[in-house]
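Participant: The signal peptide annotation in Swiss-Prot covers 1-28 and rests on sequence analysis. Sequence annotations record features per position, and here Swiss-Prot assigns N-linked glycosylation site to Asn46, Asn169 based on sequence analysis. The substrate binding site feature in Swiss-Prot is assigned to Trp98, Asn214, Tyr295, Trp377; the stated evidence is similarity to another entry. For Glu215, the entry in Swiss-Prot reads active site, proton donor, with the evidence type similarity to another entry. Feature annotation from Swiss-Prot assigns active site, nucleophile to Glu335; the stated evidence is similarity to another entry.
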Amino acid sequence: MAAPTGNGPVIPILGFLTCVAFIYLSFGDLWFGLKTEGELAFVKRNGTQFVVDGKALYVNGWNSYWFMDHAVNDHSRHRVSAMLEAGAKMGLTVCRTWAFNDGGYNALQISPGRFDERVFKALDHVIAEAKTHGVRLLLSLVNNLQAYGGKTQYVNWAWQEGVGLSSSNDSFFFDPSIRRYFKNYLTVLLTRKNSLTGIEYRNDPTIFAWELINEPRCMSDVSGDTLQDWINEMTAFIKSIDNKHLLTVGLEGFYGPSSPKKLTVNPERWASELGSDFVRNSDSPNIDFASVHIYPDHWFHDQGFEEKLKFVVKWMLSHIEDGDKELKKPVLFTEFGLSNLNKDYDPSQRDRFYRTIFDVIYKSAKRKRSGAGTLVWQFLIEGMEGFNDDFGIVPWEQDSIQRLMIEQSCRLSRITGRHLLDKKSIEMCSHRP
């Protein structure tokens, strides 16, 4: 086809471009605003409250620790998107998941300083999908338990390389070589540029916060000094690289030597002899909010369901009081669940258990106290039996649980006024009590 000659087509083209420019200048904010309507801002702390864009944020969310693992392979990656979409439809704002897998199958960190790019891209996918669905992520950085490597794997690496001081798992906290391993991992992770979004993790507001370690215990030093020293060092190191994100420890919430008057709140005596100390650990200067777990099934041996419910209320109110008076920081209950393996278990008990916990948070939020929200342990989708435990739930298969989750989202949204600004909240909450 011959190239056009003369000025014939030029005037119509210029007219078209002029029209486009006029539309853009006149209505561009409205048109392109649709693309940025769901953009997330960094979550910050104002005293005992989380805030986003100057408004309080109360968290209603869940745990799906398995996201990165399932995002590695094509055949299972869709589960991440499906769970995030389902969470968003329930109005859930935060999902807690693992940003670690040390050694073993689908390891992110194969050995100290060696990373599998394939698995890193899986984590990139998780973060990008969360952003797409408007859900923030609480990313945990290492496990106290052996699952997915944890501190045991770090100790084994040091031992295998002939630099370990001890074969004890607790040497993770005091061995200089292991501390260097962990700091190197932190540096690589925090400065990772997402292959899908082009944003470094430390600059991505999709990440709600970092969790230093899941359920830390250091039973070789019940004074708590060893764990406290490690927390202080590692949190300062993280903040030197990333001062934009919030940071929490990842505690279960057990009281230690620094709170002698609170020891009776612990489930049993053993809980004060784990080397962790809720108030002292959470009061570390670089910790932005406290984290607490709720597992009466694991913590008591002979109590019935009604006794467990009473404990839950006492446990939560005690920690909220700490947030208000001692720490002056938000308190987020980052795991809670009721086992379906109890000998007297009935599905209706789970409804009451969830309702009790949600009511405590709702009342705290109404009074602008430090109870900042909850994360259910754990949500799955169909076909994940191998990842289920006695706490796992496919929420849309249990209508009563799904209704409770949506109701809590709406209640918390109304307190902050966010339902007046967000179309999703308006639609979801318009017929809710």
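Placement of Cβ uses the backbone N, Cα and C atoms for every residue, glycine included.
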Participant: According to DSSP, does Tyr295 (substrate binding site) fall in a helix, a strand, or coil?
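Facilitator: SS state of Tyr295 (substrate binding site) = coil.
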Participant: Which of the three DSSP states, helix, strand or coil, fits the residue listed as 'active site, proton donor'?
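Facilitator: The three-state answer is coil.
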Participant: Between all pairs in Trp98, Asn214, Tyr295, Trp377 (listed as substrate binders), what's the biggest Cα distance, rounded to the nearest Å?
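Facilitator: 20 Å is the greatest Cα spacing among the residues binding substrate.
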Participant: Could you tell me which of these binding-site residues, Tyr295, Trp377, has the greatest number of Cβ atoms within 10 Å of its own Cβ?
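Facilitator: Sorting the candidates by Cβ neighbours within 10 Å, the top entry is Trp377.
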Participant: By the count of other Cβ atoms within 10 Å, pick out the sparsest of the active-site residues Glu215, Glu335.
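Facilitator: If we count Cβ atoms within 10 Å for the active-site residues Glu215, Glu335, the smallest count is at Glu215.
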Participant: Please state whether DSSP places Trp98 (substrate binding site) in a helix, a strand or coil.
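Facilitator: Going by the DSSP assignment, Trp98 (substrate binding site) falls within a strand, counted as strand.
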Participant: For Trp377 (substrate binding site), which of the listed recorded positions (Asn46, Asn169, Glu215) have their CA atom within 10 A of its CA?
Facilitator: none
Participant: Where among the recorded positions Asn46, Asn169, Asn214 do you find the Cβ with the fewest other Cβ atoms within 10 Å?
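Facilitator: Asn46, out of the recorded positions Asn46, Asn169, Asn214, has the fewest neighbouring Cβ atoms within 10 Å.
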Participant: If you draw a 10 Å sphere on the Cβ of Trp98 (substrate binding site), how many other Cβ atoms land inside?
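Facilitator: Around Trp98 (substrate binding site), other Cβ atoms within 10 Å: 25.
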